[in-house]
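S.K.: Dropping a structure here in structure tokens format, bear with me for questions.
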């Protein structure tokens, strides 16, 4: 046994086998991508930046039921409902999400009965200050308008599994 170990140490077999292993992978195609110039496709269930959606007629979907606020484990959502309208519905006067607190669990999206709050496909929303990560209703509606096509496509792709 000791003679075998001495021969391996003398001829550096581990070093040579490691070198050949490295050379084998050196000439294979690379598994990485050139981010940010190339991006991997994301899943329809990806949970990124939050957005509030609108109906096709332009009216916001949120009915101020506050289910998302109640289910949020991080207590990152704050909603204030306005008075009831003539048709009996309500809308929010304030809808804030503190993205610093948010844990991107997706419970708010699952709890919403009208698919108003969604987590969109955008994952590149780094900021320089914490205040920029405090999203108000206007910012959330702007996100929804910007990403509506991708959000609708992701919801349609995920529909058989809901």
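Backbone N, Cα and C define each Cβ position, glycine as well.
In case it helps, Swiss-Prot gives these features for our protein:
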BINDING   62, 65, 68, 112  [4Fe-4S] cluster 1 binding site
BINDING   72, 102, 105, 108  [4Fe-4S] cluster 2 binding site
DOMAIN    52-82  domain '4Fe-4S ferredoxin-type 1'
DOMAIN    93-122  domain '4Fe-4S ferredoxin-type 2'
S.K.: Just to be sure I understand, if DSSP states are collapsed into helix, strand and coil, how many residues of the domain '4Fe-4S ferredoxin-type 1' (52-82) fall in each?
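M.R.: Summed over the domain '4Fe-4S ferredoxin-type 1' (52-82), the classes give 5 helix, 8 strand, 18 coil.
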S.K.: Would you list the DSSP helix, strand and coil counts for the residues of the domain '4Fe-4S ferredoxin-type 2' (93-122)?
M.R.: 5 helix, 9 strand, 16 coil
S.K.: Within 10 Å of the Cβ of residue 108 ([4Fe-4S] cluster 2 binding site), how many other Cβ atoms are there?
M.R.: 23
S.K.: In the same chain, outside 62, 65, 68, 112, whose C-beta lies within 8 angstroms of the Cβ mean position for the [4Fe-4S] cluster 1 site?
M.R.: 63, 64, 66, 67, 69, 79, 108, 111, 113, 114, 116, 117
S.K.: So how many other Cβ atoms are close to residue 68 ([4Fe-4S] cluster 1 binding site), meaning within 10 Å of its Cβ?
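M.R.: Its Cβ shell of radius 10 Å holds 22 other Cβ atoms.
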S.K.: Measure from the Cβ of residue 112 ([4Fe-4S] cluster 1 binding site) and count the other Cβ atoms within 10 Å, all protein chains considered.
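M.R.: If we count other Cβ atoms within 10 Å of residue 112 ([4Fe-4S] cluster 1 binding site), we arrive at 20.
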S.K.: Using Cα coordinates, what distance in whole Å links residue 62 ([4Fe-4S] cluster 1 binding site) and residue 108 ([4Fe-4S] cluster 2 binding site)?
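M.R.: For residue 62 ([4Fe-4S] cluster 1 binding site) versus residue 108 ([4Fe-4S] cluster 2 binding site), the Cα atoms are 12 Å apart.
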S.K.: Can you give the mean pLDDT for the domain '4Fe-4S ferredoxin-type 2' (93-122), rounded to a whole number?
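M.R.: Residues in the domain '4Fe-4S ferredoxin-type 2' (93-122) carry a mean pLDDT of 96 in this prediction.
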S.K.: Please list, in sequence order, every residue of the chain apart from 72, 102, 105, 108 whose Cβ lies within 8 Å of the Cβ centroid of the [4Fe-4S] cluster 2 site.
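M.R.: What remains near the Cβ centre is 68, 71, 73, 74, 76, 77, 97, 103, 104, 106, 107.
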S.K.: Work through the binding-site residues one by one (65, 68, 112) and name whichever has its CA nearest to the CA of residue 105 ([4Fe-4S] cluster 2 binding site).
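M.R.: Its closest listed neighbour, by Cα, is 68.
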S.K.: Among all chains shown, work out which of the binding-site residues 62, 65, 105 has the most CB atoms within 10 A of its CB.
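M.R.: Going through 62, 65, 105 one by one, the largest Cβ count within 10 Å is at 62.
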